[in-house]
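A.B. asks: Feature table excerpt (Swiss-Prot):
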- 44-531: domain 'Sema' (DOMAIN)
- 117-128: disulfide bond (DISULFID)
- 139: N-linked glycosylation site (CARBOHYD)
- 146-155: disulfide bond (DISULFID)
- 286-398: disulfide bond (DISULFID)
- 310-358: disulfide bond (DISULFID)
- 533-585: domain 'PSI' (DOMAIN)
- 534-552: disulfide bond (DISULFID)
- 592-680: domain 'Ig-like C2-type' (DOMAIN)
- 607: N-linked glycosylation site (CARBOHYD)
- 665-731: disulfide bond (DISULFID)
- 724: N-linked glycosylation site (CARBOHYD)
- 740-777: region 'Disordered' (REGION)
- 740-765: compositional bias 'Basic residues' (COMPBIAS)
C-alpha cells in the first residue's frame, strides 16, 4: 500500500496482504509471553465504582429519574455551571457539586410529532422524544439549544441572565425555530457543532432518513446573511459523513484568514463497489465565506478536506490502520493558532478489535492543505495527483484585502477558482501523526475507546500531557505518555476507573481545570470525577513515587496534590522513571520492609492453606521468600505441583511440618523491590489436631450436659415458685419445645412431609367425592 497517497485505492491483492498482516499481528499478540513490558500496558491501579464512591472522588448525578441519555454537555467555568442536555430535559448543575441546588427545564416533543414518529417505525422510548443535541453559548446572557423533537428538530434560546449569582435559566418557548441543518433528526447520529461570532457551524444530516449529510453555517447578524452549506450535487464533497468535532482556529494574525476546522469520517468508494471503505478526514472552510456569485450560490467556496492517517507501520510495508475516528480533542498551547490535535480511532474490522490515540500538529495539517490537490476523471476512476494549472487565487484561500485588494469576498472569486474547488475539494496527501505512529493503543481488549480529553500538567521533573480516555464499557483510562531516549515513547496507564455502576458507553466528557474535575456523560447517567486521588496510592514516599502520577508528589507526610511553586520544598516525585530509591533514599520507612503488613496463620498438616498477597499495583511482579524456623537465611520459593503461585497469593497443598516459617511477599516495580506482606505460618501436626478434637468433643458433651442441667434447674424453680403451674403443664411445654426444635432442625424435610400429607388428604377427598357421585348415579 502506498502510504504517501491519500486517495489511492487498495486492490484485492493488497487487501489480502493486509488481511495476512492482521492475522500475524493477532497471533503475535495472543502468543506473546507475559513480560515486564506487557505488564506496563496493564493499568497500575484499577478502581471499581464502589472504590471510587468510598474515596469520595466520584459523585454521580442523582437528580434525574426521568431524563437520561446525557450526551450533550456545556461547561461554563466563569459562571461555575454545567448545562446538561438529556431526554426531554435541560439541567443546570453546579461544577462544585452536581446534586446541589440543580435546576431543570422540561422540554418534551409535541404529542403529534411523537405519534408521527411512532407511525414511521421509530422506537417510542429511544427515538420518539426530544433529545437535546445542541448547547452552545450564543452571547453573554443566552445559550442556543436544539433538540431532535421526535425526528422534527427545533431550536431556541435559554436565558441565563446577566447576574452570575442568580441565574434565570428559562427557555423562550414563544420563539422556537426549525432545527433542520442545525441539529440531527436521529438522537444517536454522530454530530458536531460550534458557535463563534453568533454563527452556528454544524455537521449533521439534513433529512429524516439521514442520507444527506452537510456542513453548514446558520444564524449570524450579517445584513446579507444566508445559510451556507456543502454542495449536495457533488458526491465527493461529503459521502455519508459522521461528524465528530468542529473548532474555530486562526491561521495567521490576520482575522480574515480565520477558518473553521471540522473532523469527520465518511464512506469512500473507489472505482467499483467492492473498494468501499471508511476514511477519517479533516476539513476546513473560511469564516468569511459567503458563497459564490454565479456558481456555488449559498455553498462553500473554500471547502477542502484531507485524510487523517492513524496506523501502526508494519515491518513488511503493510500498515495496521485505525480508520474510524471516534473523538477529537484540541489541547490549547500558548499559540492559539497551533493547538495539539488528539484523535481517538478504532478499527473497522469485526475480527480485530483495536483502538488508538494519534496526535497531529496544525503545521502538518496546514502543509497538506497547501500541498497538491487530488483529481478524479469520473466516478469509475481513482484519485490521482492533479498536475494541471492551479488558478489564482489558490482555491481554498480566504478572501482578504491584504492578500488582494480586488477580492473583498468569495463572491469576487473568478469563475475558474469556483469551478476548480467544486471538482477538487480533496487534497492528495494525507496527514500523519507527529510520531509516525499512535501515541497510545489498545489491542486485543474487550472494549473500545470512545472519548478523550487531555490535561497539560507541570510536574517536578517536566511537563506531561495526561489523557483521560472513555470506553464503551463505562470505564475511564488515565494515561500519560512519557518521552524516553531516542524519541521513544512509554505508555503508562496510571488508572482504570469504573465510573458507572453498570457497563455503558461513555458519550461525552468535559474537563474543568478550575475545579480539577472531569464530567462524564453516558446513556445511563452523569458523574463528576476528580482528576487525581493521590492518597489511594499509599502512605509511604515509595508508593507515591512508584505511582508516576504527574498530579501527585510526596510532601514529607503524605502523597498529595503537587503544585508548582518557587519555594524550595521537599517534594518527592519521579514521573519519568518511577524510582523511589533516588527520591526516598533518606526516608527509612519508605524503603524498608518494616512497613509491610504482618500476619500469623495456622495450617493443619496434610491440608491446604492459602497465603494472600495482592499488591496495590497491577504492574508489580511478585516473588515469595521463606525463612524457615530456626534458620537465619531466606530462600526463594519456586512453584511446583504442591506450591502454586497465583495472582492473589500462594496456595500450598498438603502442608508439611517443614513449611512452617516466615513468608515474605516481595513486589517489584522497575528496579524497586519491597516487602508488602510478612506471614508467619504455623503448621499444626495432624496427630495433635486429632487429640485436640477428641478432647474438645468430650468437653463439649460435658458442657451440653451441664447446660441442660442448668435449664432443668430453672424449670424446677419455676414449678416450685408457681403453685398454679402444674407438672402436666411443664411436661406439655417441654414436649412443644422439643417438637419445635426437631421441626427447625429438619425444616426442609418437615415441609416436604407436610406437603405430602396435604396431597394425600386432597387425593383422599377427591377419591371420596368420586365414590359418592358413582353411588348417587
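Every residue gets a Cβ built from N, Cα and C, even glycine.
Note that the structure is predicted; figures quoted are calculated from it, not measured.
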A.B. asks: Count the Cβ atoms, other than its own, that fall within 10 Å of the Cβ of residue 155 (disulfide bond), considering every protein chain shown.
C.D. replies: 23
A.B. asks: If we check Cα distances from residue 155 (disulfide bond), which of the disulfide-bonded residues 128, 286, 665 wins as closest?
C.D. replies: 128
A.B. asks: Mean pLDDT for the domain 'Sema' (44-531), as a whole number?
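C.D. replies: Residues in the domain 'Sema' (44-531) carry a mean pLDDT of 92 in this prediction.
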A.B. asks: Tally the residues of the domain 'Ig-like C2-type' (592-680) by DSSP class, grouping H, G and I as helix, E and B as strand, and everything else as coil.
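C.D. replies: Tallying H, G and I as helix, E and B as strand, the rest coil: 6 helix, 48 strand, 35 coil.
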A.B. asks: Indicate whether residue 534 (disulfide bond) is helix, strand or coil by DSSP.
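C.D. replies: In three-state terms, residue 534 (disulfide bond) counts as helix.
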A.B. asks: Just to be sure I understand the packing, how many Cβ atoms besides its own are within 10 Å of the Cβ of residue 665 (disulfide bond)?
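C.D. replies: Result for residue 665 (disulfide bond): 22 other Cβ atoms within 10 Å.
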A.B. asks: Look at each of the glycosylation sites, 139, 607, and point out the one with the fewest other Cβ atoms around it within 10 Å.
C.D. replies: 139
A.B. asks: How big is the gap, in Å, between the Cα of residue 310 (disulfide bond) and that of residue 607 (N-linked glycosylation site), rounded to a whole number?
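C.D. replies: Distance between the two Cα atoms comes out at 56 Å.
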A.B. asks: Considering the disulfide-bonded residues 286, 552, which residue's Cβ sits among the greatest number of other Cβ atoms within 10 Å?
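C.D. replies: The residue with the most neighbouring Cβ atoms within 10 Å is 552.
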A.B. asks: Within 10 angstroms of the C-beta of residue 534 (disulfide bond), what count of other C-beta atoms is obtained when all protein chains are considered?
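C.D. replies: Residue 534 (disulfide bond): 20 neighbouring Cβ atoms within 10 Å.
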A.B. asks: What number of additional C-beta atoms lies within 10 angstroms of the C-beta atom of residue 117 (disulfide bond)?
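C.D. replies: Other Cβ atoms within 10 Å of residue 117 (disulfide bond): 23.
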A.B. asks: If you measure residue 146 (disulfide bond) to residue 128 (disulfide bond) at Cα, how many Å is it?
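C.D. replies: About 15 Å separate the Cα atoms of these two residues.
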A.B. asks: Do any residues at least six apart in sequence from residue 398 (disulfide bond), in the same chain, have a Cβ closer than 8 Å to its Cβ, and if so which, in order?
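C.D. replies: Result: 251, 256, 257, 258, 259, 286, 287, 288, 289, 302.
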A.B. asks: Spatially, which candidate from the recorded positions 117, 358, 607 is nearest to residue 534 (disulfide bond), comparing Cα atoms?
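C.D. replies: Spatially nearest to residue 534 (disulfide bond) by Cα position is 358.
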A.B. asks: Which entry in the list of disulfide-bonded residues, 128, 146, 310, 358, has its Cβ near the fewest other Cβ atoms, using 10 Å as the limit?
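C.D. replies: Counting other Cβ atoms within 10 Å of each of the disulfide-bonded residues 128, 146, 310, 358, the minimum falls on 128.
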A.B. asks: Between the recorded positions 117, 139, 552, 665, which lies closest to residue 607 (N-linked glycosylation site), Cα to Cα?
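C.D. replies: In terms of Cα distance, residue 607 (N-linked glycosylation site) lies closest to 665.
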A.B. asks: When the Cα of residue 128 (disulfide bond) is compared with the Cα of each of the recorded positions 139, 358, 552, 665, which one is closest?
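C.D. replies: So, spelling it out, the nearest of the recorded positions is 139.
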A.B. asks: About how far apart, in whole Å, are the alpha carbons (Cα) of residue 117 (disulfide bond) and residue 139 (N-linked glycosylation site)?
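C.D. replies: Rounded to a whole number, the Cα-Cα distance is 33 Å.
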